[in-house]
Amino acid sequence: MTNHATTPPAATDTPMIVMESVEKWYGGFKALTGINLSVRAGEKIVLCGPSGSGKSTLIRCINHLEAYEKGAIRVDGITLGDDSSTIDAVRREVGMVFQNFNLFPHLTVLQNCTLAPMRTLRQGRKEAEATARRLLDRVKILEQADKYPAQLSGGQQQRVAIARALCMGPKVMLFDEPTSALDPEMVKEVLDTMVALAEEGMTMICVTHEMGFARQVADRVIFMASGEIVEEAPPEVFFSKPSHARTKQFLGEILRGH
Amino acid sequence: MGLNEFLFLLAGLKWTLALSAIGFVGGGVAGLVVALARTSGIAPLERVAASYIGLFQGTPLLMQLFVVYYGLALVGLKLDAWVAVAIGFTLHASAYLGEIWRGSIEAVPRGQTEAAKALSLNYVSRMKDVILPQAIRISLPATIGFLVQLIKGTSLAAIVGFTELARAGSIVSNQIFQPLLVFGIVGALYFAMCWPLSLYGAWLERRLATATR
Ligand SMILES: Nc1ncnc2c1ncn2[C@@H]1O[C@H](COP(=O)(O)OP(=O)(O)OP(=O)(O)O)[C@@H](O)[C@H]1O
Ligand SMILES: [Mg+2]
């Protein structure tokens, strides 16, 4: 959310996120098998793959909602360690939007947006509310600022969740199937918000099966299966000339489903 | 029964209320610590809290009061009856409230903690601002139910020589030989404290059920 609306910053060569040989186990089950991924500042990645392939696990490792056993993750030059100071530092740079919104039900929309900036960035109430109102306006929901989440539709709640994450001024936004829990008629309002964010130059990793969105904004589409990155390519190539059999099969299933 | 006897009962009632308040406040503070330890994610701490809860839920309150008052006196620690009873009720209530609140904390959906972590809120803020306000709401019916039990449980303080409502009743009854009348009044006084609380708890429970339908 910068003021450079006229010249949207293009993806640069500076890596914003680097994952090196990241391995993640759930007990005896290997959920991530040596993930290598580098995301440049301003780049938009769409992550897709069958259920259980490790998409959520991958992005949840980036802000350490999941611990990982091997490998290294760097975000904006900060190496994620096991100590709470680097985890905190990374979380301040990384916003996350969940499938089920996860708004705080006992707080109003505005309070949802001001809580973290006031607690962790030590902003005063005035400043935090001004930022929150500006961002709620950006996601076109300012008029609902004093309502509680339960009084909003799913699409509205998800846009509030996006605004809440943006209030921390993140450099990266992670989306985990942000439209999967929505009624079909509300999918578009959330995708439009994400497209606008992408156009402003936000670095984004989106787990989604909205292939129209992928075609429109992704710099790269990454296909995962069984905890591995199987294929990655720009959307034009990914959709027209996928090279792996599993990708072809997956695309076939997805496109049939629509 | 004369006015003096009745005033004596009311004095007992006053102690019953005071003991309940002490048990509830002391038990509430200590119970919060127990509940937080029990849900801390730190295995040794969780085991200690679980043992503590098990110990005080698994033994009679009467025995706990007895141990605190006479047991500690045996090892040379002579406590005032007040202090002994306050400690006894605090221990007892903290175990029960700790267990009730542990359940409520765990009933708050995981996504709430995850969203709070993703926003880089620290543990204190996650608990104070996000989890506990929701957990307390969930726990209210059970917490009030326990408060009712606690009020009735204060009658056991008589064992260490405390003249609360029930003991005041038996003293008066021994003086004027009208046990039916005296204990009728004592019962009515307990009922007047507990029944509205029970109603309130049931109402909260219904309201909570419709809110989270
Ligand atoms: N907490 C957990 N404990 C044990 N196994 C888990 C846990 N979370 C995920 N898994 C397993 O890890 C694998 C990857 O899960 P993940 O949620 O990352 O998949 P996904 O690609 O996001 O799937 P979906 O499209 O269904 O969301 C799955 O096989 C899943 O069963
Ligand atoms: Mg997932």
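Placed from the backbone N, Cα and C atoms, the Cβ positions cover glycine too.
If you look up TrEMBL, you'll see B:13-201 marked as domain 'ABC transmembrane type-1'.
Look at TrEMBL and you will find B:15-37 (among others) tagged as transmembrane segment. Beyond the ends of the transmembrane segment (B:15-37), by six or more residues, the same chain brings 45-46, 48-49, 52-53, 85-86, 89-102, 105, 127, 147, 150-151, 153-155, 157, 162-166, 193 to within a C-beta distance below 8 angstroms of the stretch.
Per TrEMBL, transmembrane segment is recorded for B:49-75 (among others). Here the transmembrane segment (B:49-75) has long-range neighbours at 34-35, 37-38, 40, 81, 84-85, 87-89, 91-92, 94-96, 98-99, 102, 153, 156-157, 159-160, meaning same-chain residues at least 6 beyond its ends whose C-beta is under 8 angstroms from one of its own.
Feature annotation from TrEMBL assigns transmembrane segment to B:81-101 (among others). Within the chain carrying the transmembrane segment (B:81-101), a Cβ under 8 angstroms from the stretch's Cβ atoms is held by residues 19, 22-24, 26-35, 38, 49, 52-53, 55-57, 61, 64-65, 68-69, 72, 135-136, 139, 142-143, 146, 149-150, 153-154, 157, 160-162, all 6 or more beyond its ends.
Here the transmembrane segment (B:135-160) has long-range neighbours at 15-16, 19-20, 23-24, 27, 61-62, 65-66, 69-70, 81, 84-85, 88-89, 92-93, 96-97, 100-101, 103-105, 107-108, 166-167, 170, 190, 193-194, 197-198, 200-202, 204-205, 208, meaning same-chain residues at least 6 beyond its ends whose C-beta is under 8 angstroms from one of its own. Residues annotated as transmembrane segment in TrEMBL: B:135-160 (among others).
The feature transmembrane segment is assigned by TrEMBL to B:180-203 (among others). Same-chain residues lying 6+ beyond the ends of the transmembrane segment (B:180-203) with a Cβ under 8 Å from its Cβ atoms: 1, 5-6, 9, 13, 16-17, 140-141, 144-145, 147-148, 151-152, 165-166, 168-169, 172-173.
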